[in-house]
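A short write-up of the structure that comes next.
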Amino acid sequence: MVVATWNVNSIKVRKEQVLEFLKEVGPDLLALQETKVKTEDFPFKPYQEIGYHVVHSGGKGRNGVALLSKVAPKIIKRGFENTSEPESFPDAEERLIGIEVEGFGFASLWVFSVYIPNGGQPESDYYYYKLSFFWQLKEFFEKTFSPEDPIILMGDFNVAPEDKDVFAPGLLEGHICFTEKERRAFFDLLSFGFYDTLREKYPDARGVFTWWDYQFGAFKKNQGMRLDHILITRPLLEKLGDVYVEKSFRTKPKPSDHAPLIAKFLV
DNA sequence: ATGACTGTCTTTGACAGA
């Protein structure tokens, strides 16, 4: 089983690149974020034609999450369910989508694509919305699942968890996506029972990033951040193979500012 | 000159992204 996550920064602009990725890498499951389209405008057809089931949840011009799967989804979930204050997260349906599939040795495997809010300026209202989104997401998993359930939660978390996840920790301290509160919120989510696949395989690796600013020649200098993550529960951990960033898609003409992150499992 | 950002819509500038 091969799974991948990719913030495409507009599916309209990246439609062909996603098709190319599916043909080259052939993931069983692909999570997309920032599709930036209403569901009726999502280009389902090219992906369905090469054998993928596609579910999408999004709004006009911003946000938007999708899952592409070789296996047909049994159940689809959009946004938060069973949480204490779902009305406080009006855009949750554009930021979280999940499917239940059967296969890869699992009677029930849940797969989620998530796009955590960026947060704007640290300490702003939007920043606290981002932190609350993390807490609500954890509560969603606590109320809906057990850490013994096979779950893959992947997407753009807009947090670089540790110093080794950014190119210049001193320079970026206090910068959005790298503040202490955001990093705590990320690890609090992990405490549900999630494992960060990249760190399980490469605990000490430096310079492994998934996002590079479009400005300042950042990609060329590998001045990036590790903001995209594939999280898994324990039943999947023992089957984890390699995890890597497919940087080639950041070098193509008109790239997304994020590169795909891929995890392979021995099932 | 060895760098220059890229999407979207309320579109020809503002704004969000990170």
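In case you wondered, yes, glycine gets a Cβ from its N, Cα and C as well.
Features as listed in TrEMBL:
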- A:Tyr115: active site (ACT_SITE)
- A:Asp156: active site, proton donor/acceptor (ACT_SITE)
- A:His258: active site, proton acceptor (ACT_SITE)
- A:Asn7, A:Glu34, A:Asp156, A:Asn158, A:Asp257, A:His258: Mg(2+) binding site (BINDING)
- A:4-258: domain 'Endonuclease/exonuclease/phosphatase' (DOMAIN)
- A:Asn158: site 'Transition state stabilizer' (SITE)
- A:Asp228: site 'Important for catalytic activity' (SITE)
- A:His258: site 'Interaction with DNA substrate' (SITE)
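If you measure from the Cα atom of A:Asn158 (Mg(2+) binding site) to that of A:Asp228 (site 'Important for catalytic activity'), you get 7 Å. Under DSSP, A:Asn158 (Mg(2+) binding site) is assigned to coil, being neither helix nor strand in the three-state scheme. Mapped onto three states, the DSSP output places A:Tyr115 (active site) in strand. Take the mean position of the Cβ atoms of A:Asn7, A:Glu34, A:Asp156, A:Asn158, A:Asp257, A:His258, the recorded Mg(2+) site; other residues of that chain with a Cβ within 8 Å of it are A:Asn9, A:Gln33, A:Tyr115, A:Thr210, A:Trp211, A:Leu227, A:Asp228, A:Ser256.
In this structure the alpha carbons, written CA, of A:Asp228 (site 'Important for catalytic activity') and the residue listed as 'active site, proton donor/acceptor' are 4 Å apart. Each residue contributes its Cα atom, and for A:Asp257 (Mg(2+) binding site) and the residue listed as 'active site, proton donor/acceptor' these two points are 12 Å apart. Cα of A:Asp156 (active site, proton donor/acceptor) to Cα of A:Tyr115 (active site): a span of 5 Å. Ranking the binding-site residues A:Glu34, A:Asp257 by the number of CB atoms within 10 A of their own CB puts A:Glu34 at the top. Cβ-based neighbour count (10 Å, all protein chains) for A:Asp228 (site 'Important for catalytic activity') stands at 25. In three-state terms derived from DSSP, A:Glu34 (Mg(2+) binding site) belongs to neither a helical nor a strand segment and is classed as coil.
Looking just at the domain 'Endonuclease/exonuclease/phosphatase' (A:4-258), the mean pLDDT is 97.
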